[in-house]
Amino acid sequence: MANSKYEYVKSFEVEDEIMPPNIIVVRLDGREFRRFSEVHEFEKPNDKKALELMNECAMAVLEQFPDIIFSYGYNDEYSFILKKGTKFYQRRASKILSLIVSFFTSVYVTKWKVLFPQKDLRYAPSFQSRVICCASVEVLQAYLAWRQNECHLNNQFDTCFWQLIKSGKSEKEAEEMLKVEDIVKYKDDGCPVKRPRKKVITVHSENIAARRFWNDQSCLLKELGQFTEDLNRVKPEYLKSFQYESRLMPHTWIVIRIDGCHFHRFSEVHEFEKPNDAHALDLMNSCATSVLEEFKDIVFAYGVSDEYSFVLKKESQLYERHASEIVSAVVSFFSSMYSMKWKEFFPQKEMKFSPYFDGRAVCYPSCQILRDYLSWRQVDCHINNQYNTCFWMLVKSGKSKSEAQNYLKGTQAHEKNELLVQLSGIMDYYNTLPLMFRQGSSVYWDKEMKVVDSKEEGGAGKSRKIAVVKYCNIIENSFWEAHPEILDEKHNCWNIQSCNSKSTQM
């Protein structure tokens, strides 16, 4: 990381380590998968190929991350259980959930054609994920029993529902016929709350929360422990803990920063141009643009190399400000778009393995601190790009990588500029490089554009906003003065300054 006066913004990052001996479970769910299944005409109530695709993705996740020792899935959901003593990414919740959902999504896209050779993927699939902490193996047992019971209930209902539809009933009639009183949640004192709910019965299948199944698996016993008794009913307090999730601080700017995982290897395997591959950066920018179009609460994004920061407006209530839902949805959608758009930017290259990203959410309380965060990332872009440009010019001139590293050790910015002039023979060589390399990429909603109706001369036009990619200096005030609507400076920052002024007077 580059050293600069803006680095203080790192103090706003909150560590989210899951302390041992908690067992880590990551559950992911399809995002708007009802619509996805309808658009892609999945068989109802169950599409065997779609379920096989989910299973293929889960198998790939276990192969990619050896610390995951067990998974359970149905429909568009999967739960991944990490071994009890895992040190996977220092047990940081945001890192773990984002990596798993990102990799799962990328595999889903790349394996689509294998399972659905006759169907085009019409839009990007994406998933959400969250971490669930199980304080003991008994709590884990309760969690697994709950998820498998939900599978039984939902599957039986769906089977009945679609049989009624196929027999001639309307969807509304089928829903009315299947309504019964059932317990759907519990009060704080443990008393059941009843309301109309779908009637389902349990189907016969392996009980993954039973001693007979669990205790026969030696690897599960070793890494997680033994189930001492069979479980007939999940305690209400367990259900509440599985469903609880904290929210990000209100009235703060939320930044979701994603980074490519092992992208040095990914860029080498796919032979990216060094130090910068314009096509790879254009692909990242195109994915970022799609993210803005998908999540309207994102007002600005800044990207460099394999990293992107997405800024949500201060008053955003996206996913009720639940960090894991926001992070996983953005990371998953970005990963999906990256895999889907690959051929558009690399038509002559096959993707040799699935890319994936990690992500985290950070809250910044004021416009100025948010701008300092973005300035920090742009300073980092400049310093890293200047170093990498020098490094790869030295390598291309005949030096080994270790020789190039030693040569650049301790050099200052002006010395690097002199080296570039010497190696290239071009005065002020660094400043001749494309702005995208030197300043990174900014994505934001442009001012309303006029769309002229060409059918009638002088006819009324339509107004719309478009997400644009620009290469700007976002450290200087001039950019923000030219685009006050991005951070709504007149409203948000004026209020902050006004409050500060009043507190000083008091």
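The backbone N, Cα and C atoms fix where each Cβ goes, glycine too.
According to TrEMBL, the protein has these features:
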- 6-134: domain 'tRNAHis guanylyltransferase catalytic' (DOMAIN)
- 139-180: domain 'Thg1 C-terminal' (DOMAIN)
- 237-365: domain 'tRNAHis guanylyltransferase catalytic' (DOMAIN)
- 368-457: domain 'Thg1 C-terminal' (DOMAIN)
Q) Reported in the order helix, strand, coil, what are the DSSP residue counts of the domain 'tRNAHis guanylyltransferase catalytic' (237-365)? A) 58 helix, 31 strand, 40 coil
(Q) Within the domain 'Thg1 C-terminal' (368-457), count helix residues (DSSP H, G, I), strand residues (E, B) and coil residues, in that order. (A) 58 helix, 8 strand, 24 coil
Q: Please spell out the DSSP helix, strand and coil residue counts for the domain 'Thg1 C-terminal' (139-180).
A: 35 helix, 2 strand, 5 coil
